[in-house]
Amino acid sequence: QGHMEGEVWGLATHPHLPICATVSDDKTLRIWDLSPSHCMLAVRKLKKGGRCCCFSPDGKALAVGLNDGSFLIVNADTLEDLVSFQHRKDVISEIRFSPGAGKYLAVASCDNFVDIYNVMSSKRVGICKGASSYITHMDWDVRGKLLQVNTGAKEQLFFEAPRGKKQTIPTLEVEKIVWASWTSVLGSCCEGIWPIIGEVTDVTASCLTSDSKVLATGDDFGFVKLFRYPAKVSNFQLYVAHSTHVTNVRWTYDDSLLVTVGGADTSLMLWTYEMEGHRDSRQCDSEESDLDSEEDGGYDSDVTRENEINYTIKALSTNIRPMFGIKPHLQQKEPTLDER
């Protein structure tokens, strides 16, 4: 019942029900039951592979971004087409309904633009320009009037909606904004999720609980991590299940489950989230530490120490094998026959 060839990147949880949607390079859109049955509820073949999807705020519609630059909105129950558009030629990397009535739909692509559509009139009403690289993450504020955008160049940009005018907002003001969701990996509120030494693509996804207390992340190393929000320091709990990079993470509507998808392993993982003080004592494969533990430097100090090691310098300064004897240019030469 799972996805097949290619990678799985698209993941969306329903706003009111224990179900989620996934879309993959294998050209299928799938709906999954997150209750104990854990079964696939529906599947639909697509004309192209996809990398993102999103439920409307009322849960009745599902937007899907495809790899050819097009996107479609389908009925969330029947998966039948409601409307489709194509204004771009590159991969649609992220797609988001505005909060509340879901009047607008923001569609980000790998050609560095975000298009804003009026869902009711089915017309494009704004274009967000100014990104110097492809769009990776996107969030609306609770009023549906501001978009936060992350790019592959590690830019955190802001655009007024629906026209798409670029805004410059001081860091202190950004922290005061109330967001309808938080899937950003950039900004002062999540500085601590980044390894000390790493690449711009190391952290692939994040998602904040509805009470804004716990930030979950997925990364290129196959790790799922939990941070206290705001995550301004690198203190976390680390969990391992995926065999390859984690491409997306999402909390369910009631924050009781964390859903993650893996890229090359094409798997969908469910994690039970237990509130502090209500944890069962049981064996698990996760590298957990007490939330208030400061022993050995706090959470996962081994990972911190690992990040601080410069392996390049260490490799160059270490002998490949032990050396014995005297170096040739220091050895005493035997006298020749003439010298004797």
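We count from 1, first residue shown onward.
Glycine residues also receive a Cβ, built from the backbone N, Cα and C atoms like all the rest.
Annotation comment: TrEMBL describes 286-299 as compositional bias 'Acidic residues'.
For 8-273, the entry in TrEMBL reads domain 'EML-like second beta-propeller'.
Per TrEMBL, region 'Disordered' is recorded for 282-304.
Same-chain neighbours of the repeat 'WD' (239-271): 2-4, 6-18, 20, 22, 24, 26, 32, 34, 38, 204-211, 214, 216-226, 285-288, counting only residues six or more beyond its ends whose CB sits under 8 Å from a CB of the stretch. Feature annotation from TrEMBL assigns repeat 'WD' to 239-271.
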Across the domain 'EML-like second beta-propeller' (8-273), average pLDDT on the 0 to 100 scale: 95
